[in-house]
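Have a look at the structure below before the remarks.
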């Protein structure tokens, strides 16, 4: 089953005088269960692509199908709905909410899904245990190391068991040991059935993926599977 | 453990402590101001509404055509009540009464005790119409007997120790040279504070009719100072009744028809707030102040809300990332709006708690200021109003931030950078302009109101109000007025003495008079010998009244306005209204400066008993002691209740003085809150331009140039606000000033002072933030980028 299918996806950034085409007719597909890395130099449009795939931004043209439905004309409300049910995010800068504890951060997607308190507790504890963070449940993000914070972010991304996990430079702010740790987690999740799409500019990280899509100046220039590295 | 939303709010407050406190101060002072105004307004609105028949209770009013348009008066013909009872079956109760300011105080004597009391005469239905619960006696019969008197509980206790004990007891009353003995037929609980009329005893109108030898049948052509009140039967249609009443006078009197006299009713409880009529149409009255203060309280809350908005959005750059994260995790816009609105409402409720404390703190002063014993009584209405105020403020204050913050695309804000949108900048700046426009408006109002009050003090009045004592005589002093006054004049320290009906200041009985072809409404002041001398009036022609001229009992002295109005070339010796003019006095302000000086005549009446005594300065206390001794010699057991004319004069401007003080308070509040808001905006600007400041400093900019960079843009906002506020304040305050016939001239410095004041405050506020930003190490600013 196709999880992602884009056709001629376009994104243009406009200021008063300059118009920059961040994505130029990008067409790609991602199958269920894949682990795909999107690579390219700074400014090639890989984060823009991830934002569009994660429905965090709106495309200016082309089509974007997620889980078999066309989303390019979705309203804000529909996009929020799809995000909370089917997508998980891991960001380079962790993006944890500083005012919330580890437990509360991880619990947040379940709150938005309207899951009851008892079930929330059970599911959050389960995922924190798996990430070996249960003893940190009442800590605030700023009390944790970078690696720990990113593990919290991964826990939050998967607590509602989304079919698709989007990771934007997940190891960018981590030392190599912690980075390895996080990539291990993503691999594990992928092996358990979650489709993972990761933006990275690290060749090392990209090796964890089974397929690499390379972008340059907003266009797909190369696709290859791991066997072709 | 706090509930989840409160927990979030608590942590946010902890994170942004200074913002939290600025908001708390702004919102709580704003809410406290609004609560105080609410207390004042609900007290004003409670006046005259405590009667059981309120809703069916009306006062009969009369419109009449005059040269200057339709004049509206509360005075109605004598015996109107009886006529209406016969002719209008819709009426359940109706009564004619004498108006309270009609007589000077009565002296009541019983068992060797003498008390003064305000009295009114009323028809038997009085206690059925109005809810003054009787402790002794029954409402329907208590005023039936001509020799009855109904006392207030306080008077009954003073004279007879208890209401029950007073029933059937004899009381002798005296007013001027009249006196009569009557029997206590009833005792009422007293007049509540929130009544537009205060009186201590009620006498039967029938007795008044006898004393005045009034006709037993109604004379429709008569003018009357009497008040007529009625209650319609349940289910009677007021509009139909109104129509029927309007046609009544012209069917009864050709003169009434010729002079365009018509009757109408107004709800009794409306009289207090809606007492002013212009050309036959109700145009307001005290309600204008109720509306004004409600508007001011609303504006203060708007200013406080704007602060909240500006400070909230100023910190938005630190919160947008959170918005991005929540949205990425699937939060809908509605959920975020809900979260932020909850936050602002909780903030407002917290502010309400502080506001209630503040109100408790200032309530004694506020009560003194407004002349009302106000208190926070937590009845459902006050609870509801407070919560509604807080909720409304919370929602108003939270709305802009909530919609502003929740509207960002998550991708745009996930990196924690606030996208610049021209509209947002305009909105924020517009809000600051609005705040300062209102602040400048308040400052101009304070300046103008105070200037007018100073003018009222400075304005030459045409008489000398200093060191003049006023009191009502009773007993023997009233009966032997001439002898008493002669002895007063002999007392060391007394310069001169005279008497006048009712008092020297205030409205007068006005009747139309004609001279040759001209016709004019003329006010009459009944005076004793030596009034011109006692009050320092200036004679421009003729002479003052004097006992050696026997014909002076049919003589009058007129003012220049009358001479000019009637166009008399040589007034002394002319006859007007059957009397000969013996003197002309220079115009003097016998009413407040709200009124133009109108034609007036002074008529001699040596019996009147409101005495005016001019004292020598610096010896007032000793002279008053001598006066008291003299009075006690005439009237053993009586006390001399006196006031100074200067106090009576000031009392004419009580409302204006209140406005002045309240305007000062509210202007202070508005400025305080606006300055706090500006502080917030300055912080916001400094934060947004942090990198720019860093670069400029790295390139060698001085701290002073950075301060100027940050203050100049905000200075412009304040300048725009001043430009908007000045014409607006001119228009508004000119309207207020037009309520005075004699008013202060506009001075350019009123505007200059208000504008410079606002600008200075703004500069002081902003430069604090600007200095902080300018002194920051540029390395830190640049590294943060």
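In case you wondered, yes, glycine gets a Cβ from its N, Cα and C as well.
Annotations in TrEMBL come from automatic prediction, not curation.
TrEMBL tags one of the stretches B:226-247, B:248-269, B:270-291, B:292-313 as transmembrane segment, and that stretch is B:292-313. Break the domain 'ABC3 transporter permease C-terminal' (B:295-409) down by DSSP state and the numbers are 98 helix, 0 strand, 17 coil.
With a threshold of 8 Å between CB atoms, the same-chain residues lying at least 6 positions outside the transmembrane segment (B:383-405) that come near it are 27, 30-31, 34-35, 38, 42, 301-302, 304-309, 312-313, 316, 319-320, 323, 336-337, 339-341, 343-349, 351-352, 356, 424, 427. Within the domain 'ABC3 transporter permease C-terminal' (B:666-778), the DSSP-based counts of helix, strand and coil residues read 96 helix, 0 strand, 17 coil. Contact counts against the transmembrane segment (B:292-313), taken as Cβ pairs under 8 Å, peak for B:665-686 among the stretches B:426-449, B:665-686, B:706-728, B:748-766.
Against the transmembrane segment (B:426-449), the recorded stretches B:665-686, B:706-728, B:748-766 differ in Cβ pairs under 8 Å, and the greatest number is found for B:706-728.
If you look at the transmembrane segment (B:748-766), the same-chain residues 6 or more away from its ends with a CB under 8 A from one of its CBs are 436, 439-440, 443-444, 447-448, 451, 671, 675, 678-679, 682, 710-711, 714-715, 718-719, 721-722, 725-726, 729-730. Sequence-distant contacts of the transmembrane segment (B:665-686) (same chain, six or more residues past either end, CB-CB distance under 8 Å): 19, 22, 25-26, 29-30, 33, 296, 299-300, 303-304, 306-307, 310-311, 313-315, 428, 431-432, 435-436, 438-439, 442-443, 445-446, 693, 710, 713-714, 758, 761-762, 764-766, 768-770, 772-773.
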